[in-house]
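To keep things clear, I will list the structure first and then write my remarks on it.
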Amino acid sequence: MIIASTFDYRKAAKRRLPPFLFHYIDGGAYAEETLRRNCSDLQALALRQRILRQVGGVDLSIKLFEQRLDLPIVLAPVGLTGMYARRGEVQAAHAATAKGIPFTLSSVSVCPIAEVQEAVGGGFWFQLYVLKDRGFMRDALERAWASGVRTLVFTVDMPIPGARYRDAHSGMSGPYAGLRRFLQAFTHPHWAWNVGIMGRPHDLGNVSTYLEKKIALDDYVGWLGANFDPSIGWHDLQWIRDFWKGKMILKGILDPEDAREAVQFGADGIVVSNHGGRQLDGVLSTARALPAIAEAVKNDLVILADSGVRSGLDVVRMIAQGADAVMIGRAFVYALAAAGEKGVAHLLDLFANEMRVAMTLTGAQTLKEITCESLVNTDAFKQ
């Protein structure tokens, strides 16, 4: 199979993965309207092509906090990444490190913090949810800091899990889910051997380390549902801000008022995100939400954006809308599932090449030269 884009990697991942895993990463909440609009709204932004702009030697690098990145891309936290390739978090972290960008380890990863640290050293980021079990949160933060993590991505848009119809149909949840997953694995022998058998253990590494017992896939949804805390407010986060000595990014901002409150709270950055359309269906796409948020807090903190990014062209569009950099989740998981570490590295090369073409043809030699003027009709999404 010829692989030339994220879309090709998606097709390859669909062939290789059992349906319950493919649809878990591919799907969204409810009827998936926001999932679709994340992509369609972003791709609807027309790039403004210019000619004879004397663009040579396009520079894709950026400095985020104290870290120099070769690309304005961060691999987003994705739960259960280790189910998509053998020890998948380690493979993705290797690829990101080799390409000079951060990998963000999910708190509900298969590989624990220590395993990733042993593989790539420090420099990766760590993501944490708001949970009722404050002991787990404190333990995870301490382990992350001891492993060299200096950037915390704190997810704030998941006080309660979103309803995902696809999961019930695919076998991730719903009636006879365990039996359905077993039968699917049986009909996907490559995954069953390479990941299902050779990729063990398949527990939630960070949670199991803390509880000193395995939290397996069957317990994943139940454990999360029992530990999400919908009652939390800004004041409840203060202990985390005081406890964490590194940079802190709040992930899941969709409203300018929340962005302003993040500044007042003392966040170093935000991720404009609707959780990839996986939480509340019917909310704004990131492409539509980003301009107003950037206008409100652009000079106060670092702005990242995710949800709907499938190419280097989309990266340029997000930056033109006001982001400093982007996070990608589904895209890298497709590549990881299809071709492991090499697939993720290749995907990042594709993104970089697409960015170079887009920047050259829009007259931008550096990322700072990508502005709203790089788009046509940018007022269309302003609120």
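Glycine is no exception: its Cβ is also placed from the backbone N, Cα and C atoms.
For the substrate site, Swiss-Prot lists Y129, R164, R278; matching the candidates Y9, Y24 against that entry yields Y24. Burial estimate for the recorded positions (Y24, H275, D306, M318): highest at M318, by number of other CB atoms within 10 Å.
In sequence order, R10, I25, D26, V78, G276 are the residues near R330 (FMN binding site), counting only same-chain partners six or more apart with C-beta under 8 A. Nearest in space to M318 (FMN binding site), taking C-alpha to C-alpha distance over the recorded positions Y24, Y129, R164, H275, R278, is H275. In sequence order, S107, V108, T155, M158, L224, N227, F228 are the residues near Y129 (substrate binding site), counting only same-chain partners six or more apart with C-beta under 8 A. Looking only at Cα atoms, H275 (active site, proton acceptor) sits nearest to S106 among the binding-site residues S106, D314, G322. Counting other Cβ atoms within 10 Å of each Cβ, the binding-site residues R278, R310 show the lowest value at R310.
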